Amino acid sequence: MFRTKRSALVRRLWRSRAPGGEDEEEGAGGGGGGGELRGEGATDSRAHGAGGGGPGRAGCCLGKAVRGAKGHHHPHPPAAGAGAAGGAEADLKALTHSVLKKLKERQLELLLQAVESRGGTRTACLLLPGRLDCRLGPGAPAGAQPAQPPSSYSLPLLLCKVFRWPDLRHSSEVKRLCCCESYGKINPELVCCNPHHLSRLCELESPPPPYSRYPMDFLKPTADCPDAVPSSAETGGTNYLAPGGLSDSQLLLEPGDRSHWCVVAYWEEKTRVGRLYCVQEPSLDIFYDLPQGNGFCLGQLNSDNKSQLVQKVRSKIGCGIQLTREVDGVWVYNRSSYPIFIKSATLDNPDSRTLLVHKVFPGFSIKAFDYEKAYSLQRPNDHEFMQQPWTGFTVQISFVKGWGQCYTRQFISSCPCWLEVIFNSR
């Protein structure tokens, strides 16, 4: 019997599904193929791993590094055994095949291209009806029923669960990327189902309380931290001073054109490599090696650093990160195959004297900077504050290697490859 191209594409897609459970690579998203899959309007039933963490949470150097990789939670009670897990896998396979068999050949090819590229290549949107009838396809076992009886499934959620994060349970755990046609649209008739046009959301382990007007002293450079160089020194003249209050004219990045909303500096240990990169477009890819890459290519910068560790980390940057300015702030999406580490004044408790370093796994997004919170952290009437650079509009990002209290590196200037992102006022 001859096999059609469509059936071959379906089998190839199923073989490309994300591994689950113990087979999963670190940071890729796991937790087994079973479990409930709720639609957009269903109640949130996220399962959290041991230690109070969850698959969508961001680990930090002072807390538990909760991984979206290893599936420590169990969709079924342990007493259910392998039989229940196998049944859930069979249900998922039957449902996925019933969906894929309804797609046109061109749609299958587009989906396969996105899945096999793992997000490294820009792929088109896969526009499909957003919801799917919950009844299983003809390949389902006799009498098989879904684990939960919602009226319909979210199709983007199903494809993300199959091809990216097997432990995914609810639409509130993912965020659509701004490059997608469905970004910002509410309940469109057709929605993009390309699994690499969505990212997994990082949740802080404990949300910060309301921000006070006159908060923390740790935003000032301190004499007892010689390696914690303030941003004005690190970026060669970039300065943030706020004498007498807040205004656009007082928060300057560099003289001249103010059309850019941030500048990016790339560092290898204590040495800045290349020039400052001014960002004007709403979205910027920062990468070392990216097929069809368009943005800030770190691989093209001339570096004299011969350290084996620096060269090793540099080779792991790969697709890097995506920096996006959106309505609610600035988001960072980890496109690489390794974790990144982020420190930002707007991510943490303003009453703390130490900023946490947040670990962001591959495929995850985090809102790294919030303009309104940054404004509230300034002290315009503080005479001492007026005399020193203020670093609240700066975010630091390290590739692969972390720093802070739980690491041998106490300061980011000891990290092999890292970025300093300095934001303009809007």
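Here the Cβ of each residue, glycine as well, is placed from N, Cα and C on the backbone.
Since this is a predicted model, take the numbers as computed values, not measurements.
For C125, C180, C192, H197, the entry in Swiss-Prot reads Zn(2+) binding site, with the evidence type similarity to another entry. Every protein chain considered, the tally of other Cβ atoms within 10 Å of the Cβ of C125 (Zn(2+) binding site) stands at 18.
Taken from Swiss-Prot, the feature ubiquitin cross-link applies to K64 (among others), supported by experimental evidence.
Sequence annotations record features per position, and here Swiss-Prot assigns ubiquitin cross-link to K70 (among others).
According to Swiss-Prot, the feature domain 'MH1' maps to 64-207.
The N6-acetyllysine annotation in Swiss-Prot covers K64 (among others), and the record cites experimental evidence as its basis.
Annotated N6-acetyllysine per Swiss-Prot: K70 (among others), in sequence order, evidence recorded as experimental evidence.
Per Swiss-Prot, the feature phosphoserine maps to S249; the stated evidence is similarity to another entry.
Positions annotated as region 'Disordered' by Swiss-Prot: 13-55.
According to Swiss-Prot, the feature region 'Important for interaction with SMURF2' maps to 208-217. Averaged across the region 'Important for interaction with SMURF2' (208-217), the predicted model reaches a pLDDT of 36.
Annotation source Swiss-Prot lists motif 'PY-motif' at 208-211.
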Handout entry: Neighbouring C-beta atoms (10 Å sphere around the C-beta of C192 (Zn(2+) binding site))
Key = 23
Handout entry: Among C180, H197, the one of these binding-site residues whose Cβ has the fewest neighbouring Cβ atoms within 10 Å
Key = C180
Practice task
For C192 (Zn(2+) binding site), just give me the three-state DSSP call.
Solution key: strand
Completion exercise
Excluding C125, C180, C192, H197 themselves, the Zn(2+) site's Cβ centre has within 8 Å the residues L126, L127, R176, L177, C179, E181, S182, Y183, C193, N194, L198
